[in-house]
Amino acid sequence: MKYVGLTGGIGSGKTTVAKMFTQLGVPVYNSDDEAKQLMENSTSLKKALKTLLGEAAYKNERLNKTFISDQVFNDTSLLGQLNSIVHPAVRTHFLEWSKQQKTAYVIQEAAIIFEIGSQNFYDRIILVTAPENLRIQRIMDRDPKSSPTTIKARMQNQWKDTRKIASSDYIIENLDLKTTERQVLKIHRALLENS
Ligand SMILES: CC(C)(COP(=O)(O)OP(=O)(O)OC[C@H]1O[C@@H](n2cnc3c(N)ncnc32)[C@H](O)[C@@H]1O)[C@@H](O)C(=O)NCCC(=O)NCCS
Ligand SMILES: Nc1ncnc2c1ncn2[C@@H]1O[C@H](COP(=O)(O)OP(=O)(O)OP(=O)(O)O)[C@@H](O)[C@H]1O
């Protein structure tokens with residue numbers, strides 16, 4: 001079974017693309033969602049996060065996402081420490097999940113792959129791109145609580161597309177959905193042929 005990484009900056013359209021692969025029968029692991037599950041349900045992760053960020057990291061045992069975001073996306077060192085607690089747990093969980101899949105390849109959707117040096121873990125990497133101003137607009141339309149400032153704070157902690165393109169196997173320029181769908185189908189066929 002091949003491991004395919006699906007990455008892209010905030011608002012590029014990873015989840016939109018992931019859903020297209022799901023419709024083709026490909027199992028997709030959503031790292032953002034699974035990380036949050038683990039951060040809320042694993043006793044050891046909760047303990048480590050409270051030690052790192054303080055008790056305010058949780059509110060009624062649920063992740064205090066606004067508090068954590070305000071802390072880490074403006075402090076590279078703190079974000080690095082959070083990543084080093086959460087990402088190994090996500091990797092272990094992803095590998096367990098993969099064992100239950102029966103397809104030629106599985107996809108791990110993850111916002112940061114190159115940034116944490118995990119590109120060599122994957123057999124192939126798909127990068128979703130879109131212009132930065134369009135990405136900001138999409139996030140603001142999706143989440144009224146967001147602002148250009150909070151979105152740019154996350155972007156500051158992600159590589160620019162130009163840097164990621166060189167090391168990716170497939171690039172999806174996600175502008176109009178029909179063209180994106182066609183690109184997804186082409187990549188799916190190529191991945192099946194090569195497996
Ligand atoms: C800070 C948290 C609680 C904010 O939750 P929220 O629901 O607002 O955002 P969500 O997790 O859905 O992420 C949305 C987008 O933010 C950006 N983002 C999230 N984590 C990171 C990160 N560690 N580095 C850079 N960008 C990130 C990505 O573009 C991502 O797609 C959450 O993002 C988090 O815990 N991040 C650190 C752990 C992590 O890296 N998770 C990602 C999967 S491994
Ligand atoms: N080609 C497109 N045309 C119009 N809207 C789009 C397109 N692609 C994505 N969107 C919309 O933009 C928003 C962001 O897309 P999506 O959630 O797929 O991005 P993401 O990269 O997974 O975001 P995040 O980084 O926050 O996890 C969503 O509301 C989605 O419906």
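Keep in mind that glycine also has a Cβ here, set from the backbone N, Cα and C atoms.
Curation plays no part in TrEMBL annotations; they are all automatic predictions.
Pulled from TrEMBL, these are the features on record:
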- G11, S12, G13, K14, T15, T16: ATP binding site (BINDING)
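Long-range C-beta contacts of T15 (ATP binding site), restricted to its own chain and to partners at least six residues apart, with a cutoff below 8 Å, comprise N30, E109. With the fewest other Cβ atoms inside 10 Å of its Cβ, the least crowded of the binding-site residues S12, T16 in this structure is T16. The residues near the ATP site, meaning same-chain residues not in G11, S12, G13, K14, T15, T16 whose C-beta sits within 8 angstroms of the mean position of the site's C-beta atoms, are G8, V17, V128, A130, R138, N174, in sequence order.
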